[in-house]
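Data block below; observations after.
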Amino acid sequence: METPCVQEPVNTFCCPLGLPCCPATFTSTFPSLSEGTCWVLGFVLTSLFDESQMHLFLFSLVVLIYILAMAGNTTMVLLIWAEARLHTPMYFLLSQLSFLDIFFTSVTVPKMIVGFLFGWTSISFGGCGAQMFFFMFLGAAECLLLALMAYDRYVAICNPLHYPVLMSRRVCLLMVAASWLGGSLNASIQTSLTLQFPYCGSRKISHFFCEVPSLLTLACADTETYEQVLFVTGVVVLLVPITFITTSYALILVAVLRMHSVEGRQKALATCSSHLTVVNLFYGPLVYTYMLPATYHSPGQDNMVSVFYTVLTPMLNPVIYSLRNKEVTGAMKKVIARCGVCRNA
């Protein structure tokens, strides 16, 4: 007599005796899997916070950083849109960076907050795939956009006479479209390849969201070839833009050193230093996560590094660009003063 399946927090296929197993389509695709091998249709995410006395403080800190990230990036988008002085290619690209950050951090943090407050740590197979897709999509798009922002600085400093032509409105729109298209292509490849594997045994992902490296540890098929593909993709999405950025700033440095005006040097270096700071904060943790072999990783380290580029960096981006940019701070003071006048009228 067959024992009915016990209801789990997430869905699974069930074999006789209530054992989760692979359906026929998966056993034919992966002949090495036995009929009784588990194929998980849902997962359980681990909490970012342990049961120590500090967990409530750390949770509150992450929530505060998330709120500041949303507020800061939303303010940057609205400020650049509202202030005519900021309607330039550089600030248009910066507004797109803030726009990406708003959604990038929202892909993972709200789910983590809900899981901590209500214990809803389970996530369906489809939900995990969607989270993975949008995370990879927005992350890759931001990588490409940061590289294109370096090109903008290169043109502005090294070819100022041709800047209006090389960085026209049409070119800027094509740049943004290219970053979004590249991000969607990367996410489509990574997500489809990752989800093709059967996931068996434990349903517990040692991470607070569905990230490719953490998910692959649960696969019950050989993932070595795919990990090589993942490395190649990392080279294209991470190392190629880093090389492009490095080359752009090497040429910028040469041009700056040739400037006779001290004020011109300071202005160029101030603008470039903000972008370089953002690049280092974003690319560094991503290179660790997606380029280093699995032997260099541990769940605790991966969680902390992921928090850095999913929450902390998006919060710091508008701060770095606003505090170190006189045009942004001036525009912000102007908008605040304008609102004060309207309120008193």
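First residue shown is number 1, and so on along the chain.
Placement of Cβ uses the backbone N, Cα and C atoms for every residue, glycine included.
Bear in mind that TrEMBL entries carry predicted annotations, made automatically and left uncurated.
What TrEMBL annotates here:
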type     : residues : note
DOMAIN   : 72-321   : domain 'G-protein coupled receptors family 1 profile'
TRANSMEM : 56-81    : transmembrane segment
TRANSMEM : 93-120   : transmembrane segment
TRANSMEM : 132-151  : transmembrane segment
TRANSMEM : 171-189  : transmembrane segment
TRANSMEM : 231-256  : transmembrane segment
TRANSMEM : 268-291  : transmembrane segment
TRANSMEM : 303-323  : transmembrane segment
Recorded stretches the transmembrane segment (303-323) and the transmembrane segment (56-81) touching, at least 3 CB pairs under 8 Å: yes
Folded-back contacts onto the transmembrane segment (231-256), same chain, C-beta under 8 angstroms, at least six residues removed: 140, 143-144, 146-147, 150-151, 153-154, 157-158, 182, 186, 189-190, 265, 268-269, 272, 276, 279, 283, 286-287, 290-291
Surrounding residues of the transmembrane segment (268-291) on its own chain - C-beta under 8 Å, 6+ positions past either end: 90, 97, 139, 142-143, 146, 149-150, 153, 157, 211-213, 230-231, 234-235, 238-239, 241-242, 245, 249, 252, 255-256, 259, 297, 302, 305-306, 308-309, 312-313, 316-317, 320-321, 324-325
Cβ-Cβ under 8 Å with the transmembrane segment (56-81): same-chain residues at least 6 beyond its ends: 48-49, 87, 91-92, 94-95, 98-99, 101-102, 105-106, 109, 112-113, 116, 307, 311-312, 314-315, 317-319, 321-322, 328, 331-332, 335
